[in-house]
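*Asks:* Sharing a structure with you now.
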Amino acid sequence: MKKQKGKTIALLSSIALAVMLIFSMNVIRDSGYDSQIQEAKDLHGDYQVWFERLNIDKVKQLETDNEVKKASKVKYFCEIVNKENGVKLDLNSYDENFINSLNYKMVGREPREDGEIVIEKEAAEQMGISNPLNNNIDMLLMNNYVDDNGINKIDSKNKTFKIVGLIEKPDRYYSSLSSSISGIKTQAFVYKEAKLPIKTKDTYKGTIFLKSEKNTSKFLSEMGKKLNLKFDDFYENSEVSTANHLKDVSKNNVENIKKIILLVIVSSLVIYNIFNIILKDMVMQIGLMRAIGMSKKKIKTMFAQLSLIYIVLGTIIGILFGMIVSYIGVRLVYNHSSRLTIQGLSIAYSFIVSVLSVAISSFIVVRKSIKMSIVDSIKDSEKYKKKSKKKNTTRRQKNIIRSIAIRNIWRNKTRTIITMLAITMVGAMFIFSFAVKDTLKTNIELGITGGIWGMSYGSVDKTVSGSSDGSESLFYKIDKNIINKIKNIDGVKSVEANFFNPYGNVILSRDQISKSYKDELNRKNELYQEEHNNEYPLLIRGYSDEILRVRESFIEEGKNLINVKEGKYKKVILVNNTYSGVTNSFEAKVIDGAKVGDIINIKIPVYKDGTKQYETLKVEVSAIMNGNYAAAQDGNVGVEGAQVIFREDDYRELTNQKDYNKIYVMAEKGEVDLVEKRLEKLTKNYAFSSIGGKGEDMKLFGAQQSSEDRLTVIYQCLILLILSVNSIFIMRSNIIARKKEISTLRAIGMSLKDIKKTLIIESQFYGIVASTIGAIIATIYQYIGISNANKSLMEGSFERTIEFNVPWNQIIILFTIFIIIGFVSVYVSKDKIEGISITEGISEND
């Protein structure tokens, strides 16, 4: 080790780099996700179980269970909404313990009498109220309920409150939820004996802290069965469980497991290569030791000790540097500080890599040396055997340079093959990983992939509307001022303002709905205990004549609304297809045998006499959309059944809703992401607005995906660093092993420049050939993946498919990286070429 300091340092560096990569990849991921779990607890509360919509008897049974450490509850009354902008809140009875369990901070005081209210500060800001404390606020109380006959009802009345307290959370809480699909659900609290002018819910919601967090699943299962609780009324702390789930998904993700396996293999190959070079130089020494009488057992023991030193030193150095890299990586990947989570498994992985690679290298070389005769081992060298083949002395100089380079590449076939194998594996993974990311991004922007929501927008790129949890669609407004601001955003090509309400109902007898829709309803009933009594979900849209003209191509039968005359009933376009989780397609019809001219009964929410209420009316089917509309145009978020489209003038007349509440945004090519960011900035503080459209499914795991993308970049950079060390060391060792040959070439007239050319050709050969093979493998792998994805799209009734393209950008980047590595490896080895005198090199004894 002392004699070969350069090689020893190189070997320790390669072991340390490999260990650092394995160690830091695991630690960064574990630390980041553990930090996210802790942040979820800090922002949302560290309770284990949440319940809602439960009567007091069931709540008391939960509170008195032996597994419960403590619990808090509030009575839920109804929703309240600001009619000026549509911001809505849950209205509850005041309870300090419940508020504290959700980690709210409070300013002001609790409500002590009827008419006083505590509201969430963020809700007030979204309403445009700058100094809400001690001010009055007019709100509409709304109670949506189902009566004893299974009929959907709305009870609503206006009431004025005095704001006596504000509750708030850190900005991180609101920024994390504002970009989610459903948005932010805010809270308001009144005196528990408050007199409200409407019929209110007689149910409770609250939090439960268990004696042991490990028993959460068991508690949920047992109490859920005992009290017959619905899945969506009694569940684990959703934010914390989501963070835990994302961590498990990341750990068990097939692609991540493949990366770890590839990392272990490549690291082992690199260490083996370098260790093999060092031990190769010791074959002669092994022969001499055997010649003076050292036994094979002692030689094996000596190399076992040597290997152990390399393993221990390399692993310790790697772990120490891995801690530094992990700390930096956590800050880069997860955007916030975090204590490092160092699990035993991370250390175990690190030792496995170093032990396997060093042990295998040592075993192969020592075994080979011991099997050789003493004379052969003493004579062992990497020189080519002389060949009697006659040389062509008329070769041009370039051919001679190329010939020497190729000859040297195959001087040690094993080393060359291992180096190329490592580069091939990394190259294939590099190209495929980043090509998949680019393909996914491109096709999400086109609406071809990204989930059934994002794929359902067709010509629409992005949407702006009120979030389902934070605003009421009947009162959320997109006025001319906002429309003009959106039109003027850079990258926006055009906009389509419209009306949207997902809370209607279509009135049908059981025998009027199709079998496929019945199957879907039965599936939901089993999961969520949803039952319908002749009233089924209906999404209602109101379109301008211009939008109706553009959508005319989707009409399967009947006449567009702009071409029909007024009649006894308002006319609508019926969308009779919906998504079915039973068949995973949009082939499910809602109304069995629906046809143009049918009169159907619907219920729609309207604003009348200063309140929100249902109005039942008959409408005539003027046209029916084909199945592609439901699957691939205008979005299907909030769609749970049929849809009807009114002319916007008819919609305004029926609902008394004057301002649009949704806008479709079409972006210039390649500008979708930028337009989304600009829309988010524009609507950040406006009535809990939500940005939807293509790619909105990704918001379910957007934080995780962003973290995984950054983690992939770090992973690729570190693994390329290992290969760089491997390439540089191989080049330096080849030069050292060929001192005499290089000196001889210089003696017969070859310049240092030409010698460097041979070395450059040699170094480039590894990268270019291996990268080519890796590019072919990655391209084939991507083609197979796209073919399988297209097959799934066709089976799901989606007509648009992913177009296959060779990932040229990633291939060019990879070739560039390895060409640079080749030049660098020769450059850092120039001291071994220029620092040797001709006589010294020629006189060296082989």
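Keep in mind that glycine also has a Cβ here, set from the backbone N, Cα and C atoms.
As the structure is a computational prediction, the values presented were derived from the model and not from experiment.
Got these off TrEMBL a minute ago, pasting:
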- 260-374: domain 'ABC3 transporter permease C-terminal' (DOMAIN)
- 260-279: transmembrane segment (TRANSMEM)
- 300-327: transmembrane segment (TRANSMEM)
- 347-366: transmembrane segment (TRANSMEM)
- 417-436: transmembrane segment (TRANSMEM)
- 713-731: transmembrane segment (TRANSMEM)
- 717-829: domain 'ABC3 transporter permease C-terminal' (DOMAIN)
- 765-786: transmembrane segment (TRANSMEM)
- 806-828: transmembrane segment (TRANSMEM)
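Looking at the shown structure, can you explain where the listed features end up?
*Replies:* With a cut-off of 8 Å between Cβ atoms, the residues of this chain six or more beyond the transmembrane segment (347-366) that come close are 15, 18-19, 22-23, 26, 260, 264, 267-272, 275-276, 279-280, 282-283, 286, 299-300, 303-304, 306-307, 310-311, 314-315, 318-319, 322.
Within the chain, the transmembrane segment (417-436) has long-range Cβ neighbours (under 8 A, six or more residues past its boundaries) at 255, 258-259, 262, 265-266, 269-270, 272-273, 712, 716, 719-720, 723, 726-727, 730, 766-767, 769-771, 773-775, 777-779, 781-782, 785, 807, 810-811, 813-814, 818.
On the 0 to 100 pLDDT scale, the domain 'ABC3 transporter permease C-terminal' (717-829) averages 78 in this prediction.
Long-range contacts of the transmembrane segment (765-786) within the same chain, counting only residues at least 6 positions beyond its ends with a Cβ under 8 Å from a Cβ of the stretch, are 405-406, 409, 416, 419-432, 435-436, 439, 727, 802, 804, 806-807, 810-811, 814-815, 817-819, 821-822.
If you look at the transmembrane segment (806-828), the same-chain residues 6 or more away from its ends with a CB under 8 A from one of its CBs are 423, 427, 430-432, 434-435, 438-439, 720, 723-724, 727-728, 730-732, 756, 759-760, 763-764, 766-768, 770-771, 774-775, 778-779, 782.
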*Asks:* Mind checking how the domain 'ABC3 transporter permease C-terminal' (717-829) divides into helix, strand and coil residues in DSSP?
*Replies:* 94 helix, 0 strand, 19 coil
*Asks:* Count the residues of the domain 'ABC3 transporter permease C-terminal' (260-374) that DSSP assigns to helix (H, G, I), to strand (E, B) and to coil, and report the three numbers in that order.
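*Replies:* Output for the domain 'ABC3 transporter permease C-terminal' (260-374) reads 98 helix, 0 strand, 17 coil.
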